[in-house]
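What TrEMBL annotates here:
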- 9-37, Asp63, Lys157: NADP(+) binding site (BINDING)
- Ser140: substrate binding site (BINDING)
- Tyr153: active site, proton acceptor (ACT_SITE)
Amino acid sequence: MYLDTNFSGCSSGIGLALAVKMAKDEQKRFKVYATMRNLAKKEPLEEAAGRRLGKTLEIKQLDVCDEQSIKACVNSIPDRRIDVLVSNAGMGLIGPIECQTIDEMKTVMDTNFFGLVRLLKEILPDMKRRRSGHIVIISSVMGIQGILFNDVYAASKFAVEGFCESLAIQALKFKLQLSLIEPGPVVTEFERKVFEDGMKMDLSAADEETAEMFTNIYLKNYKQIFQSLGQSAEDVAEHTVKIILAENPPFRHQTNTLYTPMTTLKYADPNGDLPIDIFYKMVFHHDKIFSASLNFIKLLRWRSRKSFDLGKPSQ
Ligand code: NAD
């Protein structure tokens, strides 16, 4: 097996970790085209790729918000052949919606949702013609469950999930595979930037209670949630490679089993009230329960750190 793989958003985080992991594959099964919006940021990737640079890994420019850059990138690949597409580029946005502009929200939708659509409009027809290809999308647990003050980000990932669920039926007809990778919190640039933007946010458009809720509940617990539940980019990359290499890759794969009980609540109650109720209680009524849950999660994490397997992931 030799797979030409194309990734978006490889200057940092999950994209960088995954591109490097696949480029360094001992069996040399992949040729990686790692792309990024701004080539001036390629140094960390070059450094991490080391001797594989120019061999199993090539760096190319691609902005998921620019159709021409996608076309130019795909045209520069021999025979435009992409066996595995990893759609990873994305951005976050937190805070009360009354403090966010419509333009800020559109940028999130344009990157996280239309970025994927643009990639597929260029790459899917070739895959259909060849009747082979695997489309791997870095979605999020927020693609299936909303979280306080992540309204627009969750909406962008829900859009991704709905789009893919529809497309997966057609993909099956063309013998293509489609997989949504759904990480929980991951400690990357994303988390740092989202937190910093939240701290700097002008909250004057929000009422006092909402501003207080954002600052003293959400932001106060933000770092602790990432410390307790957060995976590393390398953990997510490890899960993703297993999905790419699986004979029958699943349509959805959550990378963080510590988070699974929360997403399972959604399927346990067809009315949809259960997860909202539990989140409400955790956030507003049970500061102590919230801290106890985080401690319990830390314990589980410590106990399961050593075992890792696709069927029973450790995280
Ligand atoms: P990151 O910020 O390190 O990586 C995101 C990458 O996307 C960056 O390299 C950025 O430059 C790139 N990007 C943004 N806009 C782009 C554009 N228009 N064109 C091309 N590239 C662009 O963060 P990450 O955590 O590695 O995020 C990767 C993916 O994982 C995202 O889709 C994110 O939504 C998803 N995710 C992250 C977390 C988390 O907690 N960090 C959790 C679940 C899902």
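Cβ atoms are placed via backbone N, Cα and C, with glycine included.
Automatic prediction, not curation, is the source of TrEMBL annotations.
All features noted in TrEMBL, drawn onto the structure.
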{"residue": "Gly9", "record": "NADP(+) binding site", "Cβ contacts under 8 Å, 6 or more apart": "Gly15, Thr35, Met36, Arg37, Val64, Asn88, Ala89, Gly90"}
{"residue": "Gly13", "record": "NADP(+) binding site", "Cβ contacts under 8 Å, 6 or more apart": "Val186, Thr188, Glu189, Phe190, Ala233"}
{"residue": "Ala17", "record": "NADP(+) binding site", "Cβ contacts under 8 Å, 6 or more apart": "Ser232, Ala233, Glu234, Val236, Ala237"}
{"residue": "Lys21", "record": "NADP(+) binding site", "Cβ contacts under 8 Å, 6 or more apart": "Glu234, Ala237, Glu238, Val241"}
{"residue": "Asp25", "record": "NADP(+) binding site", "Cβ contacts under 8 Å, 6 or more apart": "Thr56"}
{"residue": "Tyr33", "record": "NADP(+) binding site", "Cβ contacts under 8 Å, 6 or more apart": "Asp4, Thr5, Asn6, Phe7, Glu58, Lys60, Cys73, Ile77, Ile82"}
{"residue": "Ser140", "record": "substrate binding site", "Cβ contacts under 8 Å, 6 or more apart": "Tyr153, Lys157, Glu182, Pro183, Gly184"}
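Secondary structure from DSSP puts Ala17 (NADP(+) binding site) in a helix. Close contacts with ligand 1, defined as a Cβ under 6 Å from any of its atoms, occur at Gly13, Arg37 among the binding-site residues Gly13, Ala17, Lys21, Asp25, Arg37.
Cβ neighbour counts within 10 Å, taken over all protein chains shown, single out Arg37 as the most crowded of the binding-site residues Arg29, Arg37.
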